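> Sending over a structure as structure tokens; questions will come in a sec.
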Amino acid sequence: MKQYHDLIKTVLEHGVKKEDRTGTGTISMFGYQMRYNLQEGFPLLTTKKLHTRSIFHELLWFLKGETNIKYLHDNKVTIWDEWADENGNLGPVYGKQWRSWETADGRTIDQITNVVEQIKKNPNSRRMLVVAFNPGDVDKMALPPCHAFFQFYVANGKLSCQLYQRSADIFLGVPFNIASYALLTHMIAQVCDLEVGDFVHTLGDAHLYLNHLEQANLQLTREFRPLPQLKLNPAKKDLFDFTYEDIEIIGYDPHPAIKAEVAV
């Protein structure tokens, strides 16, 4: 995907060296935006193989409202292991905020259900947002949300999504985030009887870790291949009824995976 390669090139050329929380060090820039037309194919990187099982199960786990890694482990997904405590708990991370945000007066808000209902009943609304970054809960989270909030937009029968990501690990995290939110947009579009439009990805601190530079430069040498297609089970009309078996990627022919260490 040219948009993603352009991001890597821009940060390598114009980024600044910065220290970071993990002690690894980064090349970073502030403020960057990419746009993917979801009609043109599913935005899954072809210049390195991505582990789609992890991407899809993580999204389903968020949608379940869960914050313990048991579901992930049951499905052979280990991407959250470094942050979980000895009981597998992560604190009030994405699933909690998406499905049961706690208000000051003791109520809980199911943001995902609310936004789907808004899309169906009031598609011209400018309030179709879901927020994961809850300042009142940040100190209780194993890792505060990197993908902080997202907004939907309906025009000409198409559903678009824009994500604001406060912290963007370009080599390891961003490819997962692109695919995850593209999948979510497809799923919500289906249950709302809409086509898909664009996925707009807005990054705050966009960074390449210093121990990912060799891998990023290797990836830039690889030729793009055609994007795959996403096929969802058309019988599913409720967002929370989707399972892993309802998601199929067709025609994914990527270059080999490129290993890199995650910064914790």
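Placement of Cβ uses the backbone N, Cα and C atoms for every residue, glycine included.
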> Please pick, from Asn156, Asn177, the residue that Swiss-Prot records in the dUMP site together with Arg21, Arg126, Arg127, Arg166, Ser167, Ala168, Asp169, His207, Leu208, Tyr209.
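Checking Asn156, Asn177 against Swiss-Prot: the dUMP site match is Asn177.
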> Can you name the binding-site residues among Arg21, His51, Asp169, His207, Ala263 whose CA is within 10 A of the CA of Cys146 (active site, nucleophile)?
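If one measures from the Cα of Cys146 (active site, nucleophile), the binding-site residues that come within 10 Å are Asp169.
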> Which whole-number value in Å describes the distance between the Cα atoms of Ala263 ((6R)-5,10-methylene-5,6,7,8-tetrahydrofolate binding site) and Ser167 (dUMP binding site)?
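Taking the Cα atoms only, Ala263 ((6R)-5,10-methylene-5,6,7,8-tetrahydrofolate binding site) lies 13 Å from Ser167 (dUMP binding site).
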> C-alpha of Arg127 (dUMP binding site) to C-alpha of His51 ((6R)-5,10-methylene-5,6,7,8-tetrahydrofolate binding site): distance in Å?
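Cα-Cα distance, Arg127 (dUMP binding site) to His51 ((6R)-5,10-methylene-5,6,7,8-tetrahydrofolate binding site): 33 Å.
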